[in-house]
Amino acid sequence: MAWQLTVPELQDQLQCPICLEVFKEPLMLQCGHSYCKNCLDSLSEHLDSELRCPVCRQSVDCSSSPPNVSLARVIDALRLPGDTEPTVCVHHRNPLSLFCEKDQEFICGLCGLLGSHQHHRVTPVSTVYSRMKEELAGRLSELKEQHRDVEEHIGKLVNNRTRIINESDVFSWVIRREFQELHHLVDEEKARCLEGVESHTRGLVASLDMQLEQAQGTQERLAQAERVLEQFGNESHHEFIRFHSITSRGEVQQARPLEGVFSPISFKPALHQADIKLTVWKRLFRKVLPAPESLKLDPATAHPLLELSKGNTVVHCGLLAQRRASQPERFDYSTCVLASKGFSWGRHYWEVVVGSKSDWRLGVIKGTASRKGKLSKSPEHGVWLIGLKEGRLYEAFGCPRLPLPVAGHPHRIGVYLHYEQGELTFFDADRPDDLRALYTFQADFQGKLYPILDTCWHERGSNSLPMVLPPPSAPGHLTRAQV
């Protein structure tokens with residue numbers, strides 16, 4: 001025999017129409033409907049007139065309602081072990097089987113029909129329980145999700161904290177190492193300065209010792225001559241006169257010091273006290289620059305008049321154009337050539353030998369800058385240059401161009417690029433230990449930058465001297481980490 005009802009539907013059929021709970025001590029009325037014994041007793045107590053069945057409205061007699069034994073057995077068979085009995089209404093002694101949604105209170109069936117809750121919205125406790133169970137499950141799911149989010153957030157915070165500590169430890173180590181190297185360099189410069197002072201002092205003292213030795217010899221001869229003269233003064237008249245012209249005159253002449261022998265010496269060191277810090281700073285600055293880059297020129301970018309040699313490290317402007325393929329990266333008007341290596345981050349230093357050229361330009365250019373037609377020499381077009389014009393005017397190519405007060409004629413130009421700080425500085429690099437800044441561009445660099453050399457026109461041979469990328473000098477540099 002197949003069952004037509006599910007367990008929830010069966011529970012609905014076993015509910016008392018008054019308390020809406022599973023029957024407890026069910027009684028069967030004459031009409032055939034069943035009710036809880038307590039529900040019928042409470043209902044009959046509150047009604048003065050005859051009792052009518054709440055379901056079919058048929059007049060019934062509660063006193064002759066027998067227990068519905070079969071229904072009670074079915075309920076007992078379906079009841080789970082350990083099911084707790086509902087609490088009882090203090091007013092009607094009926095089970096608190098309903099829940100008043102307005103007052104948020106548990107009530108019995110009579111409270112909903114006859115009491116203060118009769119016009120309120122009431123719901124069976126089981127329904128409220130199921131609803132709240134679902135709400136609790138939803139809330140629990142939200143809390144678990146929030147808990148997972150918080151755990152994930154805590155994990156990220158812990159990882160972030162660990163990363164910060166690790167990065168701090170690494171950076172602290174770098175600082176200690178850098179300062180250790182700086183202290184070493186300062187100690188070297190200190191020893192160098194002291195050695196210079198001591199060497200200068202030794203020379204001065206040696207000169208004074210020689211003069212002192214000469215003066216002491218003269219002093220001894222004078223004392224000897226003085227003793228001879230005193231001895232002659234005790235001789236007889238004849239003896240004194242006889243030996244006077246022979247002996248004493250020669251002794252006195254020999255002992256007489258030459259005029260102007262003593263020449264005072266002043267302590268004048270090559271390094272003045274007020275210049276110590278500046279001089280040492282210049283020497284240290286040269287050493288803390290990045291190691292010079294080893295650069296080569298890119299033939300694919302060279303103007304047809306340019307001739308490259310010595311492993312693409314030397315370029316000069318010739319009189320005849322070279323046969324070169326027309327490529328997008330090649331300059332077709334300006335006599336320029338790029339280095340094959342570009343920079344998009346970090347600190348870099350390189351040098352260019354310009355010699356005695358009367359006209360030249362050098363600097364950096366964006367890889368995306370146009371190379372066709374006349375080169376637009378300005379930072380607005382991605383070109384940062386300085387140069388020499390007609391052998392007398394140094395200038396920085398900005399907007400507008402800026403004349404540079406350069407002392408002398410540098411034969412070697414140093415270029416220092418700090419990409420992240422947006423700095424491009426040019427130096428007079430003729431004296432390795434005394435770099436002199438010529439000009440600094442400030443810019444927000446974007447994309448890859450390439451060193452650029454512009455030999456300018458050969459001027460019928462008068463400006464045909466080459467520009468050279470010298471090999472980097474190995475010693476004397478402190479290579480600093482990029483941090």
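Heads up, the Cβ atoms here are built off N, Cα and C, so glycines get one too.
Here's what Swiss-Prot has on this protein:
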- 16-57: zinc finger (ZN_FING)
- 84-125: zinc finger (ZN_FING)
- Cys89, His92, Cys111, His117: Zn(2+) binding site (BINDING)
- 127-169: coiled coil (COILED)
- 203-236: coiled coil (COILED)
- 275-474: domain 'B30.2/SPRY' (DOMAIN)
- Lys372: N6-acetyllysine (MOD_RES)
Just name the winner among Cys89, Cys111 (the binding-site residues) by count of other CB atoms within 10 A of its CB. Cys111
Do you know offhand how many angstrom separate His92 (Zn(2+) binding site) and Lys372 (N6-acetyllysine) by C-alpha? 103
Tell me whether Cys111 (Zn(2+) binding site) sits in a helix, a strand or coil according to DSSP. helix
Which residues does His117 (Zn(2+) binding site) neighbour through Cβ under 8 Å, counting only same-chain ones at least six apart? Cys100, Lys102, Asp103, Glu105, Ile107, Cys111
Chain-internal residues near Lys372 (N6-acetyllysine), provided their CB is under 8 angstroms and they sit 6+ positions away: Phe331, Asp332, Tyr333
Secondary structure split (DSSP) over the zinc finger (16-57) reads 10 helix, 9 strand, 23 coil
Just counting, how many other CB atoms are there within 10 A of the CB of His92 (Zn(2+) binding site)? 23
Residues flanking the Zn(2+) site, with Cβ no more than 8 Å from the Cβ centroid of Cys89, His92, Cys111, His117 and excluding those residues themselves: His91, Asn94, Leu96, Leu98, Ile107, Cys108, Gly109, Leu110, Gly112, Gly115
What three-state class does DSSP give Cys89 (Zn(2+) binding site)? coil
Looking only at the zinc finger (84-125), how are its residues distributed among DSSP helix, strand and coil? 6 helix, 11 strand, 25 coil
